[in-house]
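What follows is a single structure, written as structure tokens, with notes after it.
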């Protein structure tokens, strides 16, 4: 049996139950474990509600309980430069970004990984619901977590082979309910702590209010695709493709009483397009173009791939054909898809394996670009 005590694992601890159990399991398996709390956002800012101080106290309590050293590291500058600025620039461009994908790529598995190496780490570990498997050639494959409802490979799709080689996901084979049970059995301070939701730097704040502190909103016209004026919108950045609600038009102006949805945007004219019906024809597309295409292992610069894909988190896989050219790809759907949203991640799968992904730039319907930006 191998001696794990000679293998140092640095665990990213958030003060939540998942990362607490991650540290506990590794400690029980005999690894040399160090806990590190990442402070990524200045919660003294009047708009940040990340409760970093409380979270750090929870990390300290759990680390003391399981008997591991712990540190706090400040990544506020890196987070602002690499994640938050990206988040703002995407909204400014009329897109709907996914900051979690960028945070994993740039902070948790880059800045944190680099820091862990200065502590003499052999590996880093996080509480993500995903699995890593090493094949006989030493290549690491990233697989979905066994808890379908919690699988987080969508958010980890930009990780590189180099990053995966140094990563452990001890919760990947567990259900969330089992993780809670382990925490309760061990009497961990975080056993009953509520899971955090939403974007870290917004916390419980009103999203519109938060965004308007950084980007001035430009009101404009809300129109149907056939040119009827439906009133005023509050600013294009507040709306996402396929969104229902928050439009202020209810069932009015329509003969069929179907709900209204955001079906398009025109950034150059500052127009928000709305239409009735969940499957409104303007919401349906047959292909997309993506950039920042990235695979979790080395691939040729040009190739074609038949696989499945997700276009948003918690969505069933759809069959696609991917035509890759360097960092760009065209993704053609077997069946038309609804509300393909520029700025969101498209993530590729081969059965249980997450192959990688990219960021959606444009959607097309039978070769014609959808008016989504």
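Glycine is no exception: its Cβ is also placed from the backbone N, Cα and C atoms.
Residues annotated as active site, nucleophile in Swiss-Prot: 103. DSSP assigns residue 103 (active site, nucleophile) to a helix in the three-state reduction.
There are 19 other Cβ atoms within 10 Å of the Cβ belonging to residue 200 (active site, cysteine persulfide intermediate). Look at Swiss-Prot and you will find 200 tagged as active site, cysteine persulfide intermediate.
Taking a C-beta cut-off of under 8 angstroms and a sequence separation of 6 or more, residue 14 (ATP binding site) has the following same-chain neighbours: 37, 38, 55, 59, 127, 196. Among the features that Swiss-Prot reports, ATP binding site is placed at 12, 13, 14, 15, 16, 17, 18, 19, 38, 127, with the record citing sequence analysis.
Under the heading disulfide bond, Swiss-Prot lists 103-200, citing sequence analysis as support.
The site 'Interaction with tRNA' annotation in Swiss-Prot covers 128 (among others). In sequence order, 18, 145, 152, 155, 156, 169, 171, 172 constitute the residues six or more apart from residue 128 (site 'Interaction with tRNA') in its chain with CB-CB distances below 8 Å.
Applying an 8 A CB threshold to same-chain residues 6+ apart, the list for residue 344 (site 'Interaction with tRNA') reads 96, 97, 98, 311, 312, 359, 360. As annotated by Swiss-Prot, site 'Interaction with tRNA' applies to 344 (among others).
When the neighbouring Cβ atoms lying within 10 Å are counted for each of the binding-site residues (12, 16), the highest count belongs to 12.
Calculated from their C-alpha atoms, the gap between residue 12 (ATP binding site) and residue 103 (active site, nucleophile) amounts to 13 Å.
Cβ-based neighbour count (10 Å, all protein chains) for residue 38 (ATP binding site) stands at 24. Secondary structure at residue 200 (active site, cysteine persulfide intermediate), taken from DSSP and collapsed to helix, strand or coil, is coil.
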